[in-house]
Amino acid sequence: MTIIRKKHPLIKIINHSFIDLPAPSNISSWWNFGSLLGLCLIIQILTGLFLAMHYTSDTATAFSSVAHICRDVNYGWLIRYMHANGASMFFICLFLHVGRGVYYGSYNMIETWNMGIILLFAVMATAFMGYVLPWGQMSFWGATVITNLLSAIPYIGTTLVEWIWGGFSVDKATLTRFFAFHFILPFIITALVLVHLLFLHETGSNNPTGLNSDADKIPFHPYYTIKDFLGVLILLMAFMILTLFFPDILGDPDNYTPANPLNTPPHIKPEWYFLFAYAILRSIPNKLGGVLALILSILILALMPLLHTSKQRTLTFRPITQTMYWILVADLLILTWIGGQPVEYPFITIGQTASIAYFAIIVIFMPIAGMIENNILDLD
């Protein structure tokens with residue numbers, strides 16, 4: 001068996017990636033989220049495939065086909081709710097995975113980090129298009145509002161929006177193309193994940209100390225396979241509790257009303273995992289400025305390696321930057337809350353303050369904190 005595992009051209013790739021991979025001996029549970037994201041992606045692709053067998057991407061029948069899946073298809077309700085809540089679990093793992101990368105300075109592995117940012121954008125695009133497919137009120141109006149933002153692009157904006165819509169409003173053509181893209185993107189994401197792993201295995205994993213761990217490596221299997229399996233069990237437990245007991249808790253009641261272009265819902269808002277970016281978008285009175293801030297709220301992650309001023313890689317031994325980091329986490333939670341609130345006083349002011357704080361902490365305060373720590377420790 002060992003001979004096959006190490007010699008077979010296909011199996012040896014798996015062997016070098018998941019079995020004989022040298023891994024740092026001290027990586028904590030924060031390193032579990034990569035495998036959990038892989039699991040989420042597999043769940044989403046499988047449930048999505050079975051949903052696509054029964055779904056129809058036509059404005060006249062889309063809403064009814066989802067109702068048909070839930071009522072008439074064997075375990076259709078389970079597949080549908082697993083897919084809907086699977087997206088939420090996916091984003092929880094994504095945010096924790098990115099948060100881990102920021103905390104432990106993993107952004108210094110630039111190729112892996114940039115690939116991760118591309119993956120984040122791809123997953124967000126996929127989730128947005130997926131939300132449009134049930135063709136409820138929030139699906140329709142969410143698609144209208146978000147695609148309309150592209151009209152802020154000078155000169156080509158209006159043409160671009162009509163090209164994406166396939167007409168003069170969100171309609172049948174839009175739904176059909178969104179379904180096509182929503183179906184194909186997860187497979188593209190899978191390919192990008194392999195590239196992400198390829199880049200990671202070029203450098204090896206980071207660890208909580210941020211120090212070189214070449215002198216103290218252990219094989220991935222059995223140590224981290226068993227550790228990942230525990231993470232998988234906990235994730236599946238939480239996932240099934242959410243899906244079976246509270247399937248609609250993260251959804252919007254408006255999406256149980258069929259899409260009606262003549263009736264605007266009182267509060268148009270995206271799914272919870274986009275609320276922080278939506279709050280930043282709404283905080284800027286100018287349309288183009290809002291769109292740029294929205295894109296920058298994610299793209300700013302690409303600047304992280306350039307903004308790293310500390311002589312130490314991780315925040316493990318850096319209490320000042322740690323404080324900044326946790327203020328940033330709190331700020332993101334505030335933005336998420338504000339994104340779900342109506343556009344009125346005091347929420348507008350809170351949102352604007354939190355948006356300024358978000359960019360200021362990353363661009364100004366964390367780099368300054370790093371320099372102060374260098375000074376305190378005489379690392380200059």
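Placed from the backbone N, Cα and C atoms, the Cβ positions cover glycine too.
What Swiss-Prot records for this protein:
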TRANSMEM  33-53  transmembrane segment
TRANSMEM  77-98  transmembrane segment
BINDING   H83, H182  heme b b562 binding site
BINDING   H97, H196  heme b b566 binding site
TRANSMEM  113-133  transmembrane segment
TRANSMEM  178-198  transmembrane segment
BINDING   H201  ubiquinone binding site
TRANSMEM  226-246  transmembrane segment
TRANSMEM  288-308  transmembrane segment
TRANSMEM  320-340  transmembrane segment
TRANSMEM  347-367  transmembrane segment
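Positions of Swiss-Prot features highlighted on the structure.
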| residue | record | contacts (Cβ under 8 Å, 6+ apart) |
| --- | --- | --- |
| H83 | heme b b562 binding site | Q44, T47, G48, L51 |
| H97 | heme b b566 binding site | F33, G34, L37, G116 |
| H182 | heme b b562 binding site | G48, T126, M129, G130, L133 |
| H196 | heme b b566 binding site | T112, M115, G116, L119 |
| H201 | ubiquinone binding site | H16, S17, L21 |
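Spatially, the transmembrane segment (77-98) is not adjacent to the transmembrane segment (347-367); fewer than three Cβ-Cβ distances between them are under 8 Å for residues at least 6 apart in sequence. Here the transmembrane segment (33-53) lies next to the transmembrane segment (226-246) in space: the count of CB pairs under 8 Å, restricted to residues six or more apart, reaches at least 3. Stretch with the most C-beta contacts under 8 angstroms to the transmembrane segment (113-133), considering only 226-246, 288-308, 347-367: 288-308.
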